[in-house]
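For reference, TrEMBL has these:
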- 95-114: region 'Disordered' (REGION)
- 125-162: domain 'MYND-type' (DOMAIN)
- 156-230: region 'Disordered' (REGION)
- 188-197: compositional bias 'Acidic residues' (COMPBIAS)
- 206-230: compositional bias 'Basic and acidic residues' (COMPBIAS)
Amino acid sequence: PGGAWRLRSAQFPSKVGGRPAWLGEAGLPASEALRCGRCLQPRAFLLQLYAPLPGRPDAFHRTLFVFACRGAACYRLPGPGGPLCAFRSQLPRRNATYPEEPPSEEPPPLPEPVPRRLRSGAALCRVCGCLGPRACGRCRRAAYCGPEHQALDWRRGHRRSCGKGGDADATEDAEPDHNEFLFPEYEILIEPEEPEFPADSSADPGDEKGAVDASKKLEKQEESRVTSTT
């Protein structure tokens, strides 16, 4: 919980589960685009990867988003329009949303609540974090992507705080980080790949015998490291 700030949009995270940390605010997928092509239920956010393209000014920031249906039966049915879908969002370095400098590595002084709206003012669904064009007919404050998530949130407790003042309003504003529709949230750490051959190795990667000897040497080193670590 203390590291949740690292998974917000301003940190350009790679993560699995939870709500999407949208990169740009224009062109977000509509609720209909996020429905499974087989059962027509809302897909859940599965993961996102921050994958900028070097040398592409229009993709200085670039994130790939993947959504997946929660219904197991949809993965066994044939035909197009399956349970998975992917979207791409990209921005130049100079844009209206983020500064040109890298984000700070220091946590914010106060915990950041779950975003309820984009900077543009567009509402986000209380359940899944996607665009929420549908509002609660009673309080007109809670936003949803569709009737399924409105009903889910009503059963989860919105019925108790809807339209009430005082502490109930505070409860209304405090959206829970997780719910049964979302996948568990974890950060994805991306590290540079280790070279196949050590830099000081005299083995020629093109020589088959040298490659085999180098591979055996690396295996022995790995076995020794694992044994000492254990």
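Cβ coordinates come from backbone N, Cα and C, glycine included.
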### Task
Provide the three-state DSSP residue tally for the compositional bias 'Acidic residues' (188-197): helix first, then strand, then coil.
0 helix, 0 strand, 10 coil
### Task
Please give the sequence-distant neighbours of the region 'Disordered' (95-114): residues at least 6 beyond its ends with Cβ less than 8 Å from one of its Cβ atoms.
2-5, 8, 10-12, 19, 24-25, 61, 129, 173-177
### Query
How does the domain 'MYND-type' (125-162) divide up by DSSP, counting helix, then strand, then coil residues?
15 helix, 5 strand, 18 coil
### Query
Could you count the residues of the region 'Disordered' (95-114) that DSSP puts in helix, in strand and in coil?
0 helix, 0 strand, 20 coil
